[in-house]
Amino acid sequence: MPQFLDSRQPDFETAFTALLGAKREDSPDVDAVVAGIIADVRARGDAAVIELTERFDRVALTPQSLRFSTEEIAQAVDEVPAPERAALELAAARIRAYHERQMPQDADWTDDTGARLGWRWSAVSAAGLYVPGGLASYPSSVLMNAIPAKVAGVGRLAIAVPTPDGQVNPLVLLAAQISGVDEVYRIGGAQAIAALAYGTDTIAPVDKITGPGNAFVAAAKRRVFGKVGIDMIAGPSEILVIADRDNDPDWIALDLLSQAEHDESAQSILITDDAAFGRAVAEAVDKRLETLERRAIAGVSWRDFGAVITVSDLDEAAALSNRIAPEHLELCVSDPEALAARTIHAGAIFLGQYTPEAIGDYVGGPNHVLPTARSARFSSGLSVMDFLKRTTMSRMTPEALRAIGPAAAQLARSESLEAHGLSVQARLDRLNG
């Protein structure tokens, strides 16, 4: 049974604080193992990757077979039924159109001293995407990671997808093809992250690594950060639904279960201003759990981390939402835009009764790679910006240097950086001499 909280009860603040602080992820301490794997890949390259892949995925590879060939991808893609292909192509088109609008503009201007200033944006040269493997892997994650990279202008995009016992989801390869992925490698785990970061004879290194993974992948991403950029270290999925009584309890129950079925550590929370409606939703969840295919997972998540919170009004709901800073926030209320204006911390907001979070997972257009564990307080979901870097530009004319150079020389002397100051002063002396 989930927790039932009421903001009007005297112990509410204590209970709510405990809900916020609940540890939902039992991460094993794998750092030492991961450090060893990374060191091995750095030292032995392909040989280490091949050996580790055979040990963990039970697949015997050679340097030549690490990468899927064009023919292998084409053969797998041909197996995808037309309806699934059409759905992927629709999703890809919408994701691409949305992310194209995110592209920032370069800037270039001349200020009142005559100095020319500005910035330009450029993509990283190469990016690597990790895709959890097997037949249960998620092609939508390929689209959500790969398309922004390609829209940003990344020249080379490589994917690492483990193939346990030689199994791969053809939809993953189709998603890679649709997204414009350049290379697909049949490797996984910390060894894949190490290979992407440091390179081997077969796998050229990348500049940025994105994509979800298990504890070993997360630990590897932490360790290679600095050598390469990473997107984020994502935790278990979460959803917060703010709903009034003018909703179908079954719809809201399904929205809550849409995240609960991801992981036993996922969290689904309902905030409502109607206690009876909250109870009706909880009953609808229980009813759906009787038949849901992933009821074993969803049931544990709902029991251990689910919550129904009753508040006095929607202003209070917005305030609590900002404290939760959820990954996904659904606003199933009569005026969702007004409520959205008061909710400033959320990975993604879904407005109105006809915008279930699952639309955002697949075909809405915005990215589904989102900050978890309250990190929406300070971070954003994946976008083209994750694959871009801004370079500042400046050009001084003689007049501009005369105008601002003396201040630079003075500040350099104040910081006891003699050569800094002299590099400016030497030019000023010639201009003024």
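If you go along the chain as it appears here, the first residue is 1 and each next one adds 1.
Using the three backbone atoms N, Cα and C, a Cβ is placed for every residue, glycine included.
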Site co-member for substrate according to Swiss-Prot, given SER237, GLN259, HIS262, ASP361, GLU415, HIS420, out of HIS99, HIS328: HIS328
For ASP361 (substrate binding site): intrachain residues, at least 6 apart, with Cβ closer than 8 Å: SER140, SER258, HIS368
Between GLU415 (substrate binding site) and TYR130 (NAD(+) binding site), the C-alpha gap once rounded to whole angstrom: 45
Largest separation between Cα atoms (Å) of residues that the record links to substrate, namely SER237, GLN259, HIS262, HIS328, ASP361, GLU415, HIS420: 56
Under 8 Å by Cβ from HIS420 (substrate binding site), same chain, sequence gap 6 or more: ALA408, ALA412
DSSP-derived structure type at GLU415 (substrate binding site), helix or strand or else coil: coil
HIS328 (active site, proton acceptor) and GLN191 (NAD(+) binding site), Cα-Cα, nearest whole angstrom: 31
